[in-house]
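I have placed the structure first, in the form of structure tokens, so that the comments after it can refer back to it.
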Amino acid sequence: MASLRKSHPLLKIANNALVDLPAPINISAWWNFGSLLGLCLIAQILTGLFLAMHYTSDISTAFSSVAHICRDVNYGWLIRNMHANGASFFFICIYLHIGRGLYYGSYLYKETWNVGVVLLLLVMMTAFVGYVLPWGQMSFWGATVITNLLSAVPYMGDTLVQWIWGGFSVDNATLTRFFAFHFLLPFIGAAATLVHLIFLHETGSNNPTGLNSDADKISFHPYFSYKDILGFTFLLTALIALALFSPNLLGDPENFTPANPLVTPPHIKPEWYFLFAYAILRSIPNKLGGVLALLASILVLMVVPLLHTSKQRSLTFRPFTQVLFWLLIADVAILTWIGGMPVEHPFIIIGQVASFLYFSLFLVLAPTAAWMENKILGW
């Protein structure tokens, strides 16, 4: 008789996804980030739930309710610091996960990849509306600047902005709806994660060689379940260390000042994980052009599978394209730095060159290098 985990209608789904799943024997620690992202999502939902029990989404009390959580609620300071820094770790894991996908050609699983890009957009949206909730100076002005970008939409832009604001400026209605969205979106993200996994399990995981590994698979449990738990301990140790020792390291000092519509901060900038996209937005001196570039900076990931010209899947044995990959990593780091700098010489031109290089690498240089490698290998 089959064991319960293999016969029960619900347990067998979990069994096929987490226990008896055939996994390639040679996947490295770079394949840990999917499960780490699942852990981040669970941690964010749990800490967020406890924060929502004490938070009030009203402009007169939002800032003081966050102070109340940190001062008066049992371990409120820890929950708040874990949630705020958990977002940073979420994005670190996302960017490493995407980088792994680009390096090893995982994007050729087109459905999995495209659902992943949608997930990235969902997480970015969630983080943006969440940053507005403490109602500090950078919360307010960040919301004002970013929502205002929608006014660049032809014909209906102004109406669209006022519709999102719920009035003629970022006000109480805006905060209330942003709280509603911030509560809802992670659950939509959890559902999209399941879709992501369903598509992944249709094909099975890729591996560092980029070759078919059907002939050499091992069960997910115990091998990769324990490997994932090791990753969990590293992630949680780092998160707790940051939350306890340096909780404000990645935040903006402006957000310790309550929101004031009459005083504009000298430098309006988003959290560090959006700076690369913000730099691309600012590098185009036209409002609509900037908004389109901002969107394209993320949506360019969707065209990567269409521009795969190489006969090999992974970059493991492709030195030319490897150089371009690391150039992309350096370029994103430069864009992140530029995004946090004021709009003045020499930062403007550096940002424009880095933005041009960012799109060139995806759309022109990488496909060309792959084509050249095919020629050199006589394929």
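Here the Cβ of each residue, glycine as well, is placed from N, Cα and C on the backbone.
Lifted from Swiss-Prot, the feature list:
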BINDING   HIS83, HIS182  heme b b562 binding site
BINDING   HIS97, HIS196  heme b b566 binding site
BINDING   HIS201  ubiquinone binding site
TRANSMEM  33-53  transmembrane segment
TRANSMEM  77-98  transmembrane segment
TRANSMEM  113-133  transmembrane segment
TRANSMEM  178-198  transmembrane segment
TRANSMEM  226-246  transmembrane segment
TRANSMEM  288-308  transmembrane segment
TRANSMEM  320-340  transmembrane segment
TRANSMEM  347-367  transmembrane segment
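Mapped onto this structure are the features recorded in Swiss-Prot.
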residue : record                   : contacts (Cβ under 8 Å, 6+ apart)
HIS83   : heme b b562 binding site : GLN44, THR47, GLY48, LEU51
HIS97   : heme b b566 binding site : PHE33, GLY34, LEU37, GLY116
HIS182  : heme b b562 binding site : GLY48, THR126, VAL129, GLY130, LEU133
HIS196  : heme b b566 binding site : THR112, VAL115, GLY116, LEU119
HIS201  : ubiquinone binding site  : ASN16, ALA17, LEU21
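Contact check: the transmembrane segment (33-53) against the transmembrane segment (347-367) gives fewer than three Cβ pairs closer than 8 Å, residues 6 or more apart, which falls short of the contact criterion.
Sequence-distant contacts of the transmembrane segment (288-308) (same chain, six or more residues past either end, CB-CB distance under 8 Å): 98, 102, 105, 107-108, 110, 113-114, 117, 120-121, 124, 149-150, 152-154, 276-278, 280-282, 355, 358-359, 362-363, 366-367, 370. When the stretches 77-98, 178-198, 347-367 are ranked by Cβ pairs under 8 Å to the transmembrane segment (113-133), first place goes to 178-198.
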